[in-house]
Structure formats: structure tokens, C-alpha cells
Amino acid sequence: MEMDMDAERKAEAALRWKAPAAMVLVQLFYTGMILLSKVAIGGGMFIFALLAYRSFFGAAVILPFALVFERGKWKEMDRRAGGWIFFNGFIGYAVPMSFYYYGLRDTTSSYAAIFVNIVPLVTFILSLISRLESLQFGSTAGWLKIGGVLLSVGGTMIISLYKGKVLHLWTSIMHHHRDGLVEVADHQLRGTIFLVASTITFACWYLIQSKVLKVYPYKYWSSMATCLAGGLQTLLLGIILRRDRGAWKLGWDIQLATVVYSGALATAGRYSLNSWAVAKRGPAYPPMFSPLSLVFTVVLGSIFIGDDITVGRQ
């Protein structure tokens, strides 16, 4: 009995650092995806080609893990689970990422990262409405939830919107791409609308993912199937919008690097880690770490693609 209690305590202690560490990794993966995608899209890559290829590649990366760690569990996927997974791929990938990429194309990487920080608030509100989360006003945990959401969202929004003097701390590694990126990012209002739509639909994904894990509690198979569904959906949408074969070609350049990175880490890695965190901590937990992506994007965007770092107000 004592050995069982010790094992439970050790497992809980490990979860205390594994959960936040996994979420920090997710934000790093996401930041890399933002920066690479900005360069690839700025170079003329068809957005739906990027979405379809990265999703299929992500499914291929997850498949070996599903075969090893959840062997034979695919047989338990019934029509109900398949329907939820297909819906999950649509709301959690095809719709929000399409909006996000078009918003990223029309703005800048650091501006697009601001909207990721609204996801915790929207997710928390939707979780309360759907009763997946409870406030528990009389408890410390309840007040910490409220304080955490307000602090993370409010703090990062103030920092990101309080724009002023430009700091020239270093020379951009990819400074020669800067002019092309600026020419693309000249539709701020349209891009903002796309990013708001992406934020709302992406927040819904965490709630849907929670439902998926209840009807089909196998994170690798569900993540793989979600990637496959999202890839098929974006492929179909892309073919409807643009049938030019040239739009679907990949060369040995930044476009291929973006597909491989986004598929392996920003899709396969992020979906798997988020699914695990939702199962362990609930749907409101992963979005709490979204503000980190703004910090990572501002710093790394300045270093690699020449985004401006500003402080104060001019």
C-alpha cells in the first residue's frame, strides 16, 4: 500500500514539471512554424499547399509512435470517434490555420503572435460555458485560474500593443528577405480579421479535443487521424481554390524546410503534446502558455527575419 502511494506521489511530482516543460516546447515549436511560414508565404508559397503537405507529413511522423505505443488501438475507432476526429481536424486545423496563415501573410509575425495570446481567455470562457472548467470562487485554485488568465492575457497585450522606439540590437540573419516580407504585409485590417477568426476557432479546438479524448482516449492515433483529416480537408479546399499544378510544387528550399519542420514539430509534436496536456490538466491548461510564443517570436523574429523590436511610445 505504501509503495503504491509512493509511486503515485512520484508520478504527480513528475507531472508537475513535465506538463509545463511540454507546453514550453509547444510554444517553441509554434514560434519556429510562424517564422518559417512567414518567409515561405512571403516567397509566394500557396497557403493551402503548405497546410496540406505539413499535415500529411505530420501524420506520417506520428504513425510509428501510434503503432508502437498504441498497437491495435485503431480497431477501437468507431463511427462516432471518426466523426469527432474529422470535425476536430476541421475546427482544430483546416479552419484556424487557414485563417492564421492568411492573417500572417497580411501582417507581421510578431503581430500575428499577439492573437495567440487571446486564445487562453477565449478557451477559458468557452470552457466555463460548456462546463468543462469550474471557477470555484471560494477556493484558491479558482482565484488562481482567474488571475492566471488575466495576468497572461493582459500583460502580453499591454507589452505587445505599447509600441514605440525601435531597438536595433543585432543584425538580422535573413535581412535580405525583409523587403519582400514588408511588401506582402500591407493589409493590416484584413489580416486582423483573419487572425481574430483564427483565434476563436482555435480556442474551440481545445474543447473539441477534450471530447475526442473521451470517446477515443488514444492520443497518438487521434492525433494522426486528425492530421490526416486536416490534410485531406485543406487539400480539397486548395484544389477548389487553385488548380494550377505549379502552386503545389516543392523545391529544395525554404518551402520544403517549412513543410518538414511544421509537419514534424508544429503539427505532430504540438498535437501530441497538447492532447496529452488536455488529458492530464484539462482544456484550459495548454493555452495558458500561449503568451510565451509572443516573447519567442519577437526575439527570434528580430534575429532571423528582421522584425522590429519596439519599446515605449514615440
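Glycine too: its Cβ is placed from the backbone N, Cα and C atoms.
Taken straight from TrEMBL:
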DOMAIN    22-160  domain 'EamA'
TRANSMEM  21-41  transmembrane segment
TRANSMEM  47-69  transmembrane segment
TRANSMEM  81-103  transmembrane segment
TRANSMEM  109-130  transmembrane segment
TRANSMEM  142-162  transmembrane segment
TRANSMEM  189-208  transmembrane segment
TRANSMEM  220-242  transmembrane segment
TRANSMEM  285-305  transmembrane segment
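Taking every listed stretch (21-41, 81-103, 109-130, 189-208, 285-305) in turn, the largest tally of C-beta pairs under 8 A with the transmembrane segment (220-242) is reached by 81-103. Recorded stretches compared: 21-41, 81-103, 285-305; the one with the most Cβ pairs under 8 Å to the transmembrane segment (109-130) is 285-305. Sequence-remote contacts of a segment are chain residues at least 6 beyond its ends whose Cβ falls under 8 Å from one of its Cβ atoms, and for the transmembrane segment (81-103) they are 37, 41, 47-48, 50-51, 55, 112, 115, 191-195, 197-199, 201-202, 204-205, 208-209, 211-212, 215-216, 222, 225-230, 232-234, 237, 267.
The average per-residue pLDDT of the prediction over the domain 'EamA' (22-160) is 82, rounded to a whole number. Long-range Cβ contacts of the transmembrane segment (47-69) within its own chain (Cβ-Cβ under 8 Å, at least 6 residues beyond either end) map to 37, 40-41, 93-94, 97-98, 101-102, 105, 218, 220-221, 223-225, 227-228, 230-231, 234-235, 237-238, 241-242, 247-248, 250, 255, 258-260, 262-264, 266-268, 271-272.
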